[in-house]
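Take a look at the structure set out below.
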Amino acid sequence: MDQITNVMEYKEIARQKLPKMVYDYYASGAEDQWTLKENRNAFSRILFRPRILIDVSKIDMSTTVLGFKISMPIMIAPTAMQKMAHPEGEYATARAASAADTIMILSSWATSSVEEVASTGPGVRFFQLYVLKDRNVVVQLVRRAERAGFKAIALTVDTPRLGRREADIKNRFTLPPHLTLKNYEGLDLGKLDKTDGSGLASYAAEQVDQSLSWKDVKWLQTITSLPILVKGVLTAEDARLAVQNGAAGIIVSNHGARQLDYVPSTIMALEEVVKAAQGRVPVFLDGGVRRGTDVFKAMALGASGIFIGRPVLFSLAADGEAGVRKVLQMLRDEFELTMALSGCRSLKEISRHHIVTEWDAPRVAPRL
(Lines of atoms letter the chains of each structure in order from A and count residues from 1; the text may use other names and numbers.)
(Lines give C-alpha, C1' and ligand atoms only; values in the text may rest on other atoms or scores of the structure.)
Protein backbone atom coordinates (compact mmCIF):
# COMPACT_ATOMS: atom_id res chain seq x y z
CA MET A 1 0.00 0.00 0.00
CA ASP A 2 3.06 2.26 -0.04
CA GLN A 3 2.35 3.55 -3.53
CA ILE A 4 -1.11 4.94 -2.76
CA THR A 5 -0.98 8.67 -3.36
CA ASN A 6 -4.62 9.73 -3.10
CA VAL A 7 -7.94 8.68 -1.59
CA MET A 8 -9.52 7.61 -4.90
CA GLU A 9 -7.00 4.82 -5.44
CA TYR A 10 -8.48 2.75 -2.63
CA LYS A 11 -11.75 2.30 -4.53
CA GLU A 12 -10.27 -0.02 -7.17
CA ILE A 13 -8.36 -2.04 -4.57
CA ALA A 14 -11.60 -2.48 -2.63
CA ARG A 15 -13.44 -3.53 -5.80
CA GLN A 16 -10.87 -6.26 -6.43
CA LYS A 17 -10.86 -7.51 -2.84
CA LEU A 18 -14.53 -7.46 -1.87
CA PRO A 19 -17.34 -9.82 -2.92
CA LYS A 20 -19.45 -8.16 -5.63
CA MET A 21 -22.52 -7.93 -3.38
CA VAL A 22 -20.55 -6.07 -0.72
CA TYR A 23 -18.66 -3.74 -3.06
CA ASP A 24 -21.86 -2.84 -4.91
CA TYR A 25 -23.66 -2.15 -1.64
CA TYR A 26 -20.96 0.32 -0.61
CA ALA A 27 -20.32 1.90 -4.00
CA SER A 28 -23.73 2.28 -5.60
CA GLY A 29 -26.33 5.02 -5.44
CA ALA A 30 -30.05 5.22 -6.13
CA GLU A 31 -31.70 4.60 -9.51
CA ASP A 32 -29.78 6.37 -12.36
CA GLN A 33 -27.00 7.35 -9.94
CA TRP A 34 -27.04 10.90 -11.31
CA THR A 35 -26.62 12.41 -7.86
CA LEU A 36 -23.84 9.91 -7.08
CA LYS A 37 -21.79 11.29 -9.98
CA GLU A 38 -22.85 14.86 -9.25
CA ASN A 39 -21.64 14.66 -5.62
CA ARG A 40 -18.14 14.45 -7.09
CA ASN A 41 -18.51 16.48 -10.28
CA ALA A 42 -19.94 19.57 -8.60
CA PHE A 43 -16.66 20.20 -6.76
CA SER A 44 -14.95 20.74 -10.12
CA ARG A 45 -17.25 23.71 -10.77
CA ILE A 46 -15.72 25.62 -7.87
CA LEU A 47 -12.37 27.33 -8.49
CA PHE A 48 -9.90 29.01 -6.17
CA ARG A 49 -8.96 32.68 -5.78
CA PRO A 50 -5.68 32.20 -3.90
CA ARG A 51 -4.08 35.05 -1.98
CA ILE A 52 -0.31 35.40 -2.21
CA LEU A 53 2.60 36.72 -0.17
CA ILE A 54 1.09 35.74 3.16
CA ASP A 55 3.27 34.11 5.82
CA VAL A 56 1.98 30.53 5.84
CA SER A 57 4.88 29.00 7.76
CA LYS A 58 2.46 28.00 10.53
CA ILE A 59 -0.95 26.53 9.73
CA ASP A 60 -3.58 25.62 12.30
CA MET A 61 -6.32 23.26 11.12
CA SER A 62 -7.80 22.56 14.56
CA THR A 63 -11.42 23.31 15.33
CA THR A 64 -14.18 22.56 17.80
CA VAL A 65 -17.35 20.64 17.02
CA LEU A 66 -20.16 20.89 19.60
CA GLY A 67 -17.50 21.98 22.07
CA PHE A 68 -15.08 19.13 21.37
CA LYS A 69 -11.64 20.11 20.14
CA ILE A 70 -10.42 18.10 17.15
CA SER A 71 -7.27 18.29 15.03
CA MET A 72 -8.97 19.08 11.72
CA PRO A 73 -12.47 19.63 10.27
CA ILE A 74 -12.40 16.18 8.59
CA MET A 75 -14.57 13.60 10.36
CA ILE A 76 -15.94 10.11 9.72
CA ALA A 77 -19.55 9.75 8.57
CA PRO A 78 -21.75 6.86 9.69
CA THR A 79 -21.56 3.92 7.27
CA ALA A 80 -23.29 0.61 7.90
CA MET A 81 -21.90 -2.89 8.30
CA GLN A 82 -18.17 -2.20 8.22
CA LYS A 83 -17.20 -5.78 9.06
CA MET A 84 -18.25 -6.66 5.51
CA ALA A 85 -15.23 -4.60 4.46
CA HIS A 86 -12.75 -5.94 7.02
CA PRO A 87 -12.96 -8.34 10.00
CA GLU A 88 -12.15 -5.53 12.44
CA GLY A 89 -14.79 -3.24 10.92
CA GLU A 90 -15.88 -0.40 13.18
CA TYR A 91 -13.15 -1.21 15.74
CA ALA A 92 -10.48 -0.33 13.17
CA THR A 93 -12.32 2.82 12.08
CA ALA A 94 -12.72 3.97 15.69
CA ARG A 95 -9.01 3.49 16.40
CA ALA A 96 -8.03 5.35 13.22
CA ALA A 97 -10.34 8.28 14.07
CA SER A 98 -8.95 8.44 17.59
CA ALA A 99 -5.35 8.37 16.32
CA ALA A 100 -6.14 11.26 13.97
CA ASP A 101 -7.79 13.14 16.84
CA THR A 102 -11.10 13.48 15.03
CA ILE A 103 -14.74 12.44 15.41
CA MET A 104 -16.38 9.22 14.22
CA ILE A 105 -20.13 8.74 13.88
CA LEU A 106 -21.15 5.11 14.47
CA SER A 107 -24.04 3.79 12.38
CA SER A 108 -27.16 2.31 13.98
CA TRP A 109 -26.66 -0.49 11.45
CA ALA A 110 -23.09 -1.18 12.54
CA THR A 111 -21.67 -4.69 12.84
CA SER A 112 -20.09 -3.62 16.16
CA SER A 113 -22.11 -2.29 19.10
CA VAL A 114 -21.75 1.06 20.84
CA GLU A 115 -20.19 -0.76 23.80
CA GLU A 116 -17.68 -2.60 21.60
CA VAL A 117 -16.63 0.61 19.84
CA ALA A 118 -16.29 2.41 23.18
CA SER A 119 -14.00 -0.42 24.36
CA THR A 120 -11.41 0.45 21.68
CA GLY A 121 -10.20 3.34 23.85
CA PRO A 122 -10.65 7.11 24.11
CA GLY A 123 -12.13 9.21 21.33
CA VAL A 124 -15.00 11.59 20.58
CA ARG A 125 -17.81 9.58 19.02
CA PHE A 126 -21.36 10.37 17.95
CA PHE A 127 -24.16 7.84 17.38
CA GLN A 128 -26.25 7.86 14.19
CA LEU A 129 -29.88 7.03 14.90
CA TYR A 130 -32.69 5.65 12.79
CA VAL A 131 -35.99 6.14 14.61
CA LEU A 132 -37.70 2.75 14.64
CA LYS A 133 -41.42 2.04 14.99
CA ASP A 134 -40.78 0.65 18.48
CA ARG A 135 -39.91 3.77 20.48
CA ASN A 136 -38.86 1.72 23.52
CA VAL A 137 -36.04 0.33 21.41
CA VAL A 138 -35.06 3.88 20.39
CA VAL A 139 -34.91 4.92 24.05
CA GLN A 140 -32.76 1.85 24.85
CA LEU A 141 -30.35 2.60 21.99
CA VAL A 142 -29.96 6.24 23.03
CA ARG A 143 -29.39 5.24 26.67
CA ARG A 144 -26.75 2.71 25.62
CA ALA A 145 -24.98 5.31 23.48
CA GLU A 146 -24.98 7.73 26.42
CA ARG A 147 -23.62 5.10 28.81
CA ALA A 148 -20.91 4.15 26.30
CA GLY A 149 -19.72 7.76 26.32
CA PHE A 150 -21.03 8.88 22.93
CA LYS A 151 -21.28 12.66 22.83
CA ALA A 152 -24.08 13.43 20.34
CA ILE A 153 -26.88 11.88 18.31
CA ALA A 154 -26.87 12.24 14.52
CA LEU A 155 -30.51 11.76 13.58
CA THR A 156 -30.94 10.55 10.01
CA VAL A 157 -34.03 12.26 8.58
CA ASP A 158 -33.92 11.43 4.84
CA THR A 159 -34.90 7.76 5.11
CA PRO A 160 -38.62 7.23 5.80
CA ARG A 161 -38.13 4.51 3.18
CA LEU A 162 -34.93 3.17 1.66
CA GLY A 163 -34.02 4.56 -1.78
CA ARG A 164 -34.16 2.28 -4.80
CA ARG A 165 -30.64 0.89 -5.06
CA GLU A 166 -30.78 -1.34 -8.10
CA ALA A 167 -27.43 -3.03 -7.51
CA ASP A 168 -28.77 -4.33 -4.18
CA ILE A 169 -31.95 -5.56 -5.85
CA LYS A 170 -29.95 -7.38 -8.56
CA ASN A 171 -27.55 -8.89 -6.02
CA ARG A 172 -30.35 -9.69 -3.55
CA PHE A 173 -28.29 -7.94 -0.93
CA THR A 174 -28.24 -9.34 2.58
CA LEU A 175 -25.86 -9.31 5.52
CA PRO A 176 -23.34 -12.18 5.32
CA PRO A 177 -24.43 -14.97 7.72
CA HIS A 178 -21.52 -14.56 10.16
CA LEU A 179 -22.42 -10.90 10.84
CA THR A 180 -25.23 -9.20 12.73
CA LEU A 181 -26.45 -5.65 13.30
CA LYS A 182 -24.85 -5.56 16.75
CA ASN A 183 -26.77 -2.61 18.18
CA TYR A 184 -30.02 -4.48 17.57
CA GLU A 185 -28.85 -7.82 18.96
CA GLY A 186 -31.30 -9.29 21.47
CA LEU A 187 -33.93 -6.62 20.74
CA ASP A 188 -36.38 -8.84 18.83
CA LEU A 189 -36.22 -6.71 15.68
CA GLY A 190 -36.38 -9.56 13.19
CA LYS A 191 -33.54 -10.52 10.88
CA LEU A 192 -31.98 -9.03 7.81
CA ASP A 193 -32.71 -11.97 5.50
CA LYS A 194 -32.29 -12.77 1.83
CA THR A 195 -35.34 -11.77 -0.23
CA ASP A 196 -36.26 -11.51 -3.91
CA GLY A 197 -34.83 -7.99 -3.88
CA SER A 198 -32.78 -5.97 -1.39
CA GLY A 199 -32.97 -7.62 2.01
CA LEU A 200 -32.03 -4.28 3.59
CA ALA A 201 -34.92 -2.44 1.90
CA SER A 202 -37.35 -5.07 3.24
CA TYR A 203 -35.84 -4.86 6.72
CA ALA A 204 -35.95 -1.05 6.74
CA ALA A 205 -39.59 -1.07 5.60
CA GLU A 206 -40.47 -3.31 8.55
CA GLN A 207 -38.50 -1.45 11.22
CA VAL A 208 -38.00 2.24 10.34
CA ASP A 209 -40.79 4.64 11.33
CA GLN A 210 -42.21 6.29 8.21
CA SER A 211 -44.26 8.69 10.32
CA LEU A 212 -41.14 10.45 11.63
CA SER A 213 -41.70 14.22 11.79
CA TRP A 214 -40.39 17.37 13.49
CA LYS A 215 -42.36 16.54 16.64
CA ASP A 216 -40.12 13.48 17.01
CA VAL A 217 -37.04 15.70 16.98
CA LYS A 218 -38.62 17.46 19.96
CA TRP A 219 -39.45 14.08 21.56
CA LEU A 220 -35.83 12.97 21.21
CA GLN A 221 -34.76 16.02 23.22
CA THR A 222 -37.03 14.87 26.07
CA ILE A 223 -35.29 11.48 26.31
CA THR A 224 -31.67 12.66 26.05
CA SER A 225 -29.57 15.67 26.96
CA LEU A 226 -27.11 14.85 24.17
CA PRO A 227 -26.99 17.41 21.34
CA ILE A 228 -28.88 16.33 18.23
CA LEU A 229 -27.48 16.80 14.73
CA VAL A 230 -30.09 16.58 11.98
CA LYS A 231 -28.54 14.62 9.09
CA GLY A 232 -30.11 14.82 5.65
CA VAL A 233 -31.03 18.49 5.18
CA LEU A 234 -30.81 19.91 1.64
CA THR A 235 -33.01 23.03 1.70
CA ALA A 236 -33.21 26.41 3.42
CA GLU A 237 -36.77 25.65 4.56
CA ASP A 238 -35.70 22.53 6.44
CA ALA A 239 -32.60 24.25 7.80
CA ARG A 240 -34.84 26.91 9.41
CA LEU A 241 -37.14 24.20 10.82
CA ALA A 242 -34.16 22.28 12.21
CA VAL A 243 -33.03 25.39 14.10
CA GLN A 244 -36.59 26.12 15.31
CA ASN A 245 -36.95 22.55 16.56
CA GLY A 246 -33.81 22.61 18.68
CA ALA A 247 -31.20 20.91 16.49
CA ALA A 248 -27.66 21.53 17.76
CA GLY A 249 -26.30 21.26 14.20
CA ILE A 250 -27.16 20.33 10.64
CA ILE A 251 -25.47 17.82 8.35
CA VAL A 252 -26.09 18.62 4.69
CA SER A 253 -26.34 15.14 3.22
CA ASN A 254 -28.09 13.24 0.43
CA HIS A 255 -27.23 9.92 2.08
CA GLY A 256 -24.33 9.29 -0.28
CA ALA A 257 -26.76 9.69 -3.21
CA ARG A 258 -28.52 6.52 -2.06
CA GLN A 259 -31.99 7.92 -1.37
CA LEU A 260 -33.68 10.31 -3.82
CA ASP A 261 -31.85 10.54 -7.14
CA TYR A 262 -31.69 13.95 -8.87
CA VAL A 263 -31.30 15.93 -5.67
CA PRO A 264 -28.40 18.37 -5.90
CA SER A 265 -24.92 17.46 -4.80
CA THR A 266 -24.32 18.36 -1.18
CA ILE A 267 -21.72 20.99 -2.09
CA MET A 268 -24.37 22.70 -4.27
CA ALA A 269 -26.96 22.61 -1.47
CA LEU A 270 -24.53 23.73 1.22
CA GLU A 271 -24.59 27.51 0.82
CA GLU A 272 -28.40 27.70 0.85
CA VAL A 273 -28.49 25.78 4.13
CA VAL A 274 -25.66 27.82 5.68
CA LYS A 275 -27.43 31.09 4.86
CA ALA A 276 -30.71 29.84 6.32
CA ALA A 277 -29.02 28.68 9.54
CA GLN A 278 -27.71 32.27 10.00
CA GLY A 279 -24.86 31.12 12.23
CA ARG A 280 -27.25 29.85 14.92
CA VAL A 281 -26.03 26.26 14.56
CA PRO A 282 -23.01 24.76 12.79
CA VAL A 283 -23.58 23.25 9.35
CA PHE A 284 -21.53 20.28 8.15
CA LEU A 285 -21.14 18.72 4.70
CA ASP A 286 -21.37 15.00 3.99
CA GLY A 287 -20.89 13.58 0.50
CA GLY A 288 -18.40 13.55 -2.32
CA VAL A 289 -15.25 14.70 -0.50
CA ARG A 290 -12.16 12.96 -1.90
CA ARG A 291 -9.52 15.72 -1.81
CA GLY A 292 -8.19 18.33 0.58
CA THR A 293 -9.28 20.88 -2.03
CA ASP A 294 -12.88 19.64 -1.56
CA VAL A 295 -12.60 20.23 2.19
CA PHE A 296 -11.40 23.81 1.59
CA LYS A 297 -14.25 24.49 -0.87
CA ALA A 298 -16.82 23.30 1.69
CA MET A 299 -15.27 25.47 4.41
CA ALA A 300 -15.25 28.48 2.06
CA LEU A 301 -18.98 27.96 1.46
CA GLY A 302 -19.61 28.11 5.20
CA ALA A 303 -19.31 24.52 6.43
CA SER A 304 -17.98 23.99 9.96
CA GLY A 305 -16.52 20.65 8.90
CA ILE A 306 -16.98 17.71 6.57
CA PHE A 307 -17.67 13.99 6.88
CA ILE A 308 -16.29 11.19 4.70
CA GLY A 309 -18.02 7.86 4.15
CA ARG A 310 -16.99 5.71 1.19
CA PRO A 311 -13.26 6.59 1.43
CA VAL A 312 -13.33 5.00 4.89
CA LEU A 313 -15.04 1.84 3.66
CA PHE A 314 -12.75 1.40 0.66
CA SER A 315 -9.55 2.04 2.60
CA LEU A 316 -10.79 -0.26 5.38
CA ALA A 317 -11.37 -3.02 2.81
CA ALA A 318 -7.94 -2.44 1.28
CA ASP A 319 -5.80 -2.19 4.40
CA GLY A 320 -7.83 -2.22 7.61
CA GLU A 321 -7.04 0.37 10.28
CA ALA A 322 -3.84 1.42 8.48
CA GLY A 323 -5.89 2.24 5.38
CA VAL A 324 -8.33 4.46 7.28
CA ARG A 325 -5.43 6.19 9.05
CA LYS A 326 -3.80 6.86 5.69
CA VAL A 327 -7.00 8.31 4.19
CA LEU A 328 -7.34 10.71 7.11
CA GLN A 329 -3.65 11.66 6.87
CA MET A 330 -3.75 12.20 3.09
CA LEU A 331 -6.84 14.43 3.35
CA ARG A 332 -5.23 16.32 6.23
CA ASP A 333 -1.99 16.88 4.28
CA GLU A 334 -3.85 17.95 1.11
CA PHE A 335 -6.10 20.31 3.07
CA GLU A 336 -3.09 21.88 4.82
CA LEU A 337 -1.39 22.38 1.45
CA THR A 338 -4.54 23.95 -0.03
CA MET A 339 -4.72 26.35 2.91
CA ALA A 340 -1.06 27.32 2.47
CA LEU A 341 -1.39 27.86 -1.28
CA SER A 342 -4.58 29.90 -0.76
CA GLY A 343 -2.97 32.10 1.89
CA CYS A 344 -4.98 30.86 4.89
CA ARG A 345 -3.30 30.14 8.23
CA SER A 346 -6.37 29.08 10.21
CA LEU A 347 -9.89 27.94 9.45
CA LYS A 348 -11.33 31.36 10.32
CA GLU A 349 -9.24 32.89 7.51
CA ILE A 350 -10.97 30.70 4.88
CA SER A 351 -13.65 32.89 3.32
CA ARG A 352 -16.12 32.98 0.46
CA HIS A 353 -13.67 35.32 -1.30
CA HIS A 354 -11.23 32.41 -1.68
CA ILE A 355 -13.45 30.65 -4.22
CA VAL A 356 -15.57 31.39 -7.25
CA THR A 357 -18.40 29.11 -8.35
CA GLU A 358 -20.12 28.69 -11.68
CA TRP A 359 -23.34 29.97 -10.11
CA ASP A 360 -21.80 33.21 -8.84
CA ALA A 361 -22.68 36.50 -10.44
CA PRO A 362 -19.60 38.20 -11.96
CA ARG A 363 -17.91 39.64 -8.91
CA VAL A 364 -16.23 42.88 -8.07
CA ALA A 365 -13.13 42.32 -5.96
CA PRO A 366 -13.70 43.46 -2.38
CA ARG A 367 -11.88 46.64 -1.41
CA LEU A 368 -9.23 45.93 1.23
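Note: Cβ is positioned from N, Cα and C throughout, glycine not excepted.
Predicted, not measured: the structure shown is a model, and the values here were computed from it.
The domain 'FMN hydroxy acid dehydrogenase' annotation in TrEMBL covers 1-360.
What TrEMBL lists as glyoxylate binding site is Tyr25, Arg165, His255. Around the Cβ of His255 (glyoxylate binding site), a 10 Å sphere holds 24 further Cβ atoms from the protein chains shown.
What TrEMBL lists as FMN binding site is 78-80, Ser107, Gln128, Tyr130, Thr156, Lys231, Ser253, Arg258, 286-290, 309-310.
Among the features that TrEMBL reports, active site, proton acceptor is placed at His255.
Counting every protein chain shown, the number of other Cβ atoms lying within 10 Å of the Cβ of Tyr25 (glyoxylate binding site) is 24. The shortest Cα-Cα distance from Tyr25 (glyoxylate binding site) to any of the binding-site residues (Ser107, Thr156, Arg258, Gly288, Gly309) is found for Arg258. In sequence order, Ile76, Ala77, Pro78, Thr79, Gly256, Asp286, Gly287 are the residues near Gly309 (FMN binding site), counting only same-chain partners six or more apart with C-beta under 8 A. Of the recorded residues, Arg258 (FMN binding site) and Arg165 (glyoxylate binding site) place their C-alpha atoms 7 Å from one another. Taking the Cβ of Gly288 (FMN binding site) as reference, residues of its chain lying under 8 Å away and at least six apart in sequence are, in sequence order, Asn39, Arg40, Ala42, Phe43, Ser265, Thr266, Ile267, Asp294.
Residues Tyr25, Arg165, His255 are recorded as binding glyoxylate; their most distant pair of Cα atoms lies 13 Å apart. Of all Cβ atoms in the shown protein chains, 24 besides its own fall within 10 Å of the Cβ of Arg165 (glyoxylate binding site).
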